[in-house]
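K.L.:
Below you will find the structure I want to go over with you.
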Amino acid sequence: MIAGTSTGGFIAAGLSAPDWSYSEEKVYNYSDFKPKFSALELLNFYQEGQAKDIFAKTWLNYYKRLFSPSSAEFNHYFRDQFCETRLSQALTELVIPAANVIDNSTYLFTRYDANNDSSKDHTFIEALMATTATPTFFSPYNGYIDGGMHLNNPAMAAYNEAIRYEVSSKRVSVLSLGTGEYIPDPLNPDKYWDQLFWPKDNHNAQECNTDSQLYNTLGNRYQRWQVFFEEPIGFNDIQSIPYLLEIGNQYIEELDASDDNPMNKLVESFYDI
């Protein structure tokens, strides 16, 4: 199973959606084994691909999104990449959360539900437009906004889905990948308790609660890999990608060199399944 919210939803979808081609007979042919993207191709999207156009940091784009947020660039890109592929065609179990702005509930786009209820067999485009609809940057999509508003770390949702699919908890191992965290002044945290602090703090509380619950439930079979920044990084700051790669590589090296190597523990947990 792969789960992801917001930009993580795009990564999850790219690794789970089948590759496809359009034949001369105007028929879509889908692969049974090959995903739409490799991990390297997803990285290239952020480094060299359309991300530079979608997240272009110009004053014109800033004011356009401030007064009239639009997700047209994402819609066009998702349509090019995923076409009419539906969740039921995913190569793995898939969980992509979105927040419903009408009743403030959390909606999960899943392959499991798509296979069992045709009304929930959404296209990948619909799922991705919903989970990436970040407020102020992109407009809501069909009443949904960024899944990170409710589930910044979707690991618990993924675990609960596995249990719903009647998988024994003893057969579940989870690797949760964070997108980085910035703590302004760890020695004086109350110095930054302004109005903008609280929405961000709610996201942190969600992550901490998820970590605590899953560590207590799964022990070494749950790993949360997260890095901390020395300087804040903006949501659309694609110029920081090389920096993110650098500290990510450093983090992996530190894990590998650790006496209490969490990577080995996670791999070992598979032998107990």
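Cβ atoms are placed via backbone N, Cα and C, with glycine included.
Heads up, here are the entries from TrEMBL:
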ACT_SITE  Ser6  active site, nucleophile
ACT_SITE  Asp146  active site, proton acceptor
DOMAIN    1-159  domain 'PNPLA'
MOTIF     4-8  motif 'GXSXG'
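For the listed features, I'd like the structural context: burial, neighbours, distances.
P.N.:
The Cβ of Ser6 (active site, nucleophile) lies under 8 Å from the Cβ of Thr131, Thr132, Thr134, Asp146, Gly147, Gly148, each of these being in the same chain and 6 or more residues away along the sequence. Under the DSSP three-state reduction, Ser6 (active site, nucleophile) is assigned to coil, being neither helix nor strand.
Here the motif 'GXSXG' (4-8) has long-range neighbours at 95-97, 131-132, 134, 146-148, 151-154, 177, 179, meaning same-chain residues at least 6 beyond its ends whose C-beta is under 8 angstroms from one of its own.
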